[in-house]
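A.B. asks: One structure coming up, written as structure tokens, with questions to follow.
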Amino acid sequence: MKIINLGNRHDASFYAACELFNQITRNPKSKLGLATGGTMVDVYANFVNLLKMNDVDVSNVETFNLDEYVGLSQTHPESYHHYMQKVLFEQYPYFTANNIHVPIGDAADLDDEAKRYEAMVRERGPVDIQILGIGENGHIGFNEPGTSKESETRVVDLTESTIRANSRYFDTEEEVPKQAVSMGLSTIMSAKRIILLAFGEKKKDAITKLASGIEDADVPATILYEHPNVEIYVDEAAAPDDMGRED
Ligand code: F6R
């Protein structure tokens with residue numbers, strides 16, 4: 001697994017968008033694993049442009065989001081449902097509503113919801129391409145440090161580090177939900193192909209640990225070493241100091 005420095009977020013985002021686009025053009029019934037957060041905003045902007053310019057039929061494409069905050073309704077401005085509507089589904093309104101899957105964060109029974117979501121991903125999957133961001137603490141999805149490799153979709157407690165990092169999207173830190181419904185590491189690993197993106201100085205530490213080659217449950221993204229088809233693209237600021245050059 002090689003970490004590739006693409007220099008800047010624009011080029012890395014464009015690359016990921018092209019890969020999603022190519023996947024759909026190869027197979028109009030593709031299954032896309034989608035992430036939210038700041039890292040993904042330019043990916044979706046580029047993806048939407050490619051879809052519009054090429055008038056692509058996405059009616060049979062199926063999408064599966066990684067996670068949703070507990071307690072936020074689908075219309076809450078910071079919910080991941082709302083995020084996805086804003087950045088993708090409203091921008092290119094030709095996806096089929098029943099083919100869009102995001103965990104329901106305000107379900108009456110969250111454990112049931114997590115089980116339903118896991119069973120649905122396993123039944124309708126596997127995902128062809130899963131795109132991932134990474135937390136400052138090395139999380140993928142909301143699988144925080146210490147998460148078991150066997151984990152499936154479930155309710156998770158967010159760590160202080162994640163709550164602090166995500167408070168930039170809320171008015172106050174108190175408003176950041178303390179839990180999420182998240183695909184597990186084993187759910188994520190069931191995707192056929194994974195593309196992870198990391199941009200900015202704040203991700204450098206997590207990417208440096210990911211570059212170590214040592215699998216460590218305290219850096220959940222290191223489970224990706226076990227996946228046969230992973231690509232990791234970073235910008236200059238997130239790149240480890242030693243990119244493996246022998247100079
Ligand atoms: C989002 C997700 C998270 C984010 C990660 C980075 O659906 O699962 O793992 O990818 O927290 O978030 P940003 O991109 O906001 O830095």
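Just so you know, glycine gets a Cβ as well, placed from its N, Cα and C.
Caution: TrEMBL annotation is automatic and unverified by curators.
Checked TrEMBL, it gives:
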- 22-225: domain 'Glucosamine/galactosamine-6-phosphate isomerase' (DOMAIN)
- D67: active site, proton acceptor (ACT_SITE)
- N137: active site, for ring-opening step (ACT_SITE)
- H139: active site, proton acceptor (ACT_SITE)
- E144: active site, for ring-opening step (ACT_SITE)
A.B. asks: Just jot down the residues in the same chain as N137 (active site, for ring-opening step), at least 6 apart in sequence, with C-beta under 8 A of its C-beta; none if empty.
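C.D. replies: Same-chain residues close to N137 (active site, for ring-opening step) (Cβ under 8 Å, separated by 6 or more) are E144, P145, T159, S161, T162, A206, V219.
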A.B. asks: Return one of helix, strand or coil for N137 (active site, for ring-opening step), based on DSSP.
C.D. replies: coil
A.B. asks: Does H139 (active site, proton acceptor) have same-chain partners at least 6 apart in sequence with Cβ under 8 Å from its own Cβ, and which are they?
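C.D. replies: Listed in sequence order: P145, T147, T159, T162, P220, A221.
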A.B. asks: Mind giving me a neighbour count for E144 (active site, for ring-opening step)? Other Cβ atoms within 10 Å of its Cβ, every protein chain shown.
C.D. replies: 21
A.B. asks: Below 8 Å Cβ to Cβ and six or more residues apart, same chain only. Which residues does that give for D67 (active site, proton acceptor)?
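C.D. replies: When sequence neighbours closer than 6 are ignored, D67 (active site, proton acceptor) has T36, Y80, P103, G141, F142, A180, V181, S182, M183 within Cβ distance under 8 Å.
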A.B. asks: On the 0 to 100 scale, where does the mean pLDDT of the domain 'Glucosamine/galactosamine-6-phosphate isomerase' (22-225) fall?
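C.D. replies: Averaged over the domain 'Glucosamine/galactosamine-6-phosphate isomerase' (22-225), per-residue pLDDT gives 97.
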A.B. asks: Helix, strand or coil at E144 (active site, for ring-opening step), per DSSP?
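C.D. replies: Where E144 (active site, for ring-opening step) sits, the three-state DSSP reduction gives coil.
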